[in-house]
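Here is what TrEMBL records for this protein:
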| type | residues | note |
| --- | --- | --- |
| BINDING | MET43, GLY190 | substrate binding site |
| BINDING | LYS119, THR163 | ATP binding site |
Amino acid sequence: MINYWDDLQAIRRKRPLVHHLMNYVVMNDAANVTLAVGASPIMAHAREEVEELAAKADVLYINIGTLDDRWVESFILAGKAASRNNVPVLLDPVGAGATRFRTETVLRILDEVEVGVLKGNGGEMMALAGVAGMIKGVDSLGEASPEIAERLAREYGVTAVITGPRDYVSDGKRVAIVSNGTPMLQYITGSGCMVGSVIASFMAVNRDFLIASVEGLVTFEIAAEKAERKSSGPASLKVNLIDELYNMKPSDYEMARVELRG
Ligand SMILES: Nc1ncnc2c1ncn2[C@@H]1O[C@H](COP(=O)(O)OP(=O)(O)O)[C@@H](O)[C@H]1O
Ligand SMILES: Cc1ncsc1CCOP(=O)(O)O
Ligand SMILES: [Mg+2]
């Protein structure tokens, strides 16, 4: 039994602070999506302030999308401050496998920071599981599997979330498969980054990260399904998606397509 609506209401009551180190491409959209579900975003990546912010945040979301040396320093400083203060961390390994710099940065963060949720697309997560060649830039070239999610969860001690036509979530013991969403999400840059903001918001109110991840995926993807009906293409889908997230109703969760094993 997953209490989607109760936890969405808990976000709206608590208005948790979600500290994002978010790439330049998606920064504005991720902030709007976070607000639409009822949480409070701050986008901040200066090394002079990230420790102070991450220590006081309800959740830290590290997204490596437009990294450079200074950003990497900030990922580590923010991540360690969060870990010291028991603040949950979500890591999005954007483009892992596409360049050595990205893969090595992700491995360094996983080594030095207490990551709660590692969320990437099929190609990125396969690269981190040792399956090369399934990523082109930031786009996945194939679907992963529940077994890869399970393997990543055990190897890195995280809840692994692999997005795609079907999403695979595992904490190493349990596996969840989410089949909501719409293929049109592939035509909006940042749909993966944005679903990360929604998952991070649920992590602030539910410390069972497998369930928080399913709640975030289902909420975002049901909103996308509803938005698609009103949209003529990707641009209107994005606008309608923010509206549908804001307007979620308890009955919308009857559309959830989730299989939970273990
Ligand atoms: N073919 C698809 N059908 C339904 N939902 C999809 C499809 N492709 C991606 N999604 C959804 O879009 C969101 C972003 O996933 P994905 O495209 O894998 O991430 P990224 O943008 O990081 O590459 C997720 O919620 C995922 O479930
Ligand atoms: C296009 C692009 N380039 C660097 S970050 C970024 C956005 C990636 O967003 P997503 O991972 O959600 O597709
Ligand atoms: Mg992505």
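Any Cβ shown, glycine's included, is placed from N, Cα and C.
TrEMBL entries are annotated by machine, without manual review.
What TrEMBL annotates, mapped onto the structure for a quick look.
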residue	record	CB count, 10 Å
MET43	substrate binding site	18
LYS119	ATP binding site	30
THR163	ATP binding site	28
GLY190	substrate binding site	24
Subject >> Listed binding-site residues adjacent to ligand 1, that is, members of MET43, LYS119, THR163, GLY190 whose C-beta is under 6 A away >> reply: THR163
Subject >> Annotated binding-site residues MET43, LYS119, GLY190, filtered by Cβ under 6 Å to ligand 2 >> reply: GLY190
**OP:** To the nearest whole angstrom, state the Cα distance for the pair LYS119 (ATP binding site) and GLY190 (substrate binding site).
**Re:** 13
